[in-house]
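Chemist: The structure that follows is given in the form of C-alpha cells.
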Amino acid sequence: MKKEGFFETIYAQVYGYVTDADMWVNIGMVLLKIAAIILISRIVLSVVQAAVNRIFQHRKGSKIQMDQRRVDTMRVLVNNIVRYTLYFLAILMILQLLGIDLKPVLVSAGVLGLAVGFGAQSLVRDIITGFFIIFEDQFAVGDVVTINNMTGTVQEIGLRITRVRSWTGEVHIFPNGTITQVTNFSLQNTLSVVDVSVAYEENLNQVEQVLREVLQLAQTELQDIVGEPQILGVQALGPSEVVLRVTAECKPNTHHGVNRNLRAMIRTEFTKRGIQIPYPKIVAMPGKGQA
C-alpha cells in the first residue's frame, strides 16, 4: 500500500509538471529568447566580419604594399577575436536566461585575468603594439626603416616581434612594445642629391649645359628616376673647386643607386668634354742654392 501511495505521488507530481501550461509557456519563452540571441549573434557576426573584410580589402590598395600573407593573417585574427567575443557574450546571456548566477563565474574570470595580466604585461603590450603597426601601415615587409636608431630592411612583422636586417647582414629583433621611434624611407619618393666639383678655370655655363645633357640621358635610362632632374646651381666655393648640386626625384629608397649612377655618368661625360675635376696639387718651390 505504501509503495502504491509513493508511486501515485510521484506520478501526480510528474503529471502536474507535464500538464502545467504556464511551465510550458515559460520554457517556450526561454527557448525563443535563446534562439533570438543565437540568431542576432550570427547576424551581428556576419555584419562585423563583412566590415572587417572590407577594411582589409581597402588596405590592399594603400600606398604601402603590405605583405599579402600578413594582411590575410590579420584579417583572420580580427575575425576570430570578433567571433569569440560575440560567442562569449551570447553564452553569458543564455546562462542568465537559464537562471544561472553569473557572479561567481565573472569573479573567477576576473581573478584569473588579473593574475595573467600581471605576469604577461610585456607580452600584451607587444601584441597590442604589433597589431597597430600592421593595421596602421606604419611599415611593411621590405621597407627600409630606422627603428630605435638602427637602420635596415624589414624582414618580418609579427604580433610580438619585428625582424630588421641591416645592410651588413645582421638581423635585429625588436619586441614590438619597445619600438618607440620609426623612420620609414620607403613610404614616399626620395630625393637623389649629387654634388659635382669642377675647377675654377672651367666655364660654368658650359658645365651646366653638360650636366643638363647628362640628366636628360639619366631620366631616360634610369627607371628609378620619376621626376625631371634639376640643376640647383652653385652650392659652395671650395679651396680649389666650385661645387654644383643636381637633384632627381626617385622611387622610394632608390636614391643611393641613382646617386652612384649619376656620378658615373657625369664623370664619363666630363672626361669626354675635357672638363677638369679638381684634385689636390703640390707645388714644389726650389730652396736656396738650387737652380
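Yeah, the Cβs are placed from backbone N, Cα and C, and that goes for glycine too.
Found this in TrEMBL, in case it helps:
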TRANSMEM  30-56  transmembrane segment
TRANSMEM  77-99  transmembrane segment
DOMAIN    80-121  domain 'Mechanosensitive ion channel transmembrane helices 2/3'
TRANSMEM  105-124  transmembrane segment
DOMAIN    123-186  domain 'Mechanosensitive ion channel MscS'
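What's the neighbourhood like for these features in this structure?
Modeler: Only residues 6 or more beyond the boundaries of the transmembrane segment (30-56), in the same chain, are considered here, and those with a CB under 8 A from a CB of the stretch are 71, 74-75, 78-79, 82-83, 86-87, 89-90, 93-94, 97-98.
Same-chain neighbours of the transmembrane segment (77-99): 30, 33-34, 37-38, 41, 44-45, 48-49, 52-53, 56, 105, 131, 159, counting only residues six or more beyond its ends whose CB sits under 8 Å from a CB of the stretch.
Each residue in the domain 'Mechanosensitive ion channel MscS' (123-186) has a pLDDT score, and their mean in this model is 85.
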